[in-house]
Protein chains: 2
Amino acid sequence: MRVLGVDPGLTRCGVGVVEGAAGRRLTMVGVGVVRTPADAETAERLVLIERGIEQWLDEHRPEYVAVERVFSQHNVRTVMGTAQASAVAMLCAARRGLPVALHTPSEVKAAVTGSGRADKAQVGSMVTRLLRLDAPPKPADAADALALAICHIWRAPAANRLQQIAAAHRSTVPARLPKGTR
Amino acid sequence: MRVLGVDPGLTRCGVGVVEGAAGRRLTMVGVGVVRTPADAETAERLVLIERGIEQWLDEHRPEYVAVERVFSQHNVRTVMGTAQASAVAMLCAARRGLPVALHTPSEVKAAVTGSGRADKAQVGSMVTRLLRLDAPPKPADAADALALAICHIWRAPAANRLQQIAAAHRSTVPARLPKGTR
């Protein structure tokens, strides 16, 4: 499977394409950053991000898009921008009919390093090793995007199994339980 | 001027088009709500919002788009959805080259009712009176979208004057002050 990982941000949107399967060798197809000028209007920046993501989708034709799930615990201003950039990434993917998956930062760290609390350097170094690169991709947003793609490839089999179980469950359990069974 | 107001939300996105000018009679051109199913994936919901906003832009050809500025003080889950929906609205407008303005909820309430702390009912009733409608538009998101458009029409002259002053200032002040002048 070929996955585009997106680490969303208004100033720097990390993008990385990885090909592989769970338990198989992983290959980096491409990595980069979509940047927008900090002094531009938010609406203009979103247009630039859309254009950038579209180019990556056109060029690398991923089958899945994995986007970092945004939380609003952190800095208020940053979080709004991140949520908006992630919306554009999700929109570009879904508009093409590509499945979009969201992974939390700790899911990504845990998948790639074994610890949900790993720091940027540890993630960068594991990404470098897993993809057999000469050096950690820079900036960190680019490495994070690759980590997201790897996380998705490795989690996909489990996620698909869960979806199958849930679907099977839905088709065997009656929508409304008979009275008195609760 | 013809303005599309957007009260962003994932479940209900209020949209309202108002035509008029500051100090002149206002006319409602259209009002409605773009809805998306709560059980759909976020990415799919963003695609539906994009489709809905595009239809409103195609049909009513506004010259300006006014979107409610999102704050993250409130409920965490809601705010993320609101930020994402507002990103799609801004993107649709900017992609067409339409100027996008953001107004805070209190700016809108103050513009329409005279008080930044007015409640939904007061906003609805003032919108009804200003646009000479038979009844307040429902749901509240639709009335809020019209209020946003009205706010933009009334604030635009002041905003434009400020922009002109800023532009004039930029063109007369040298980009770099000579040494020793600071």
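Cβ atoms here come from the backbone N, Cα and C positions, even for glycine.
These features come from TrEMBL:
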type: ACT_SITE; residues: B:Asp7; note: active site
type: ACT_SITE; residues: B:Glu68; note: active site
type: ACT_SITE; residues: B:Asp141; note: active site
type: BINDING; residues: B:Asp7, B:Asp141; note: Mg(2+) 1 binding site
type: BINDING; residues: B:Glu68; note: Mg(2+) 2 binding site
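Of all the active-site residues listed (B:Glu68, B:Asp141), B:Asp141 has the fewest other CB atoms within 10 A of its CB. In this structure, B:Glu68 (active site) is part of a beta strand by DSSP.
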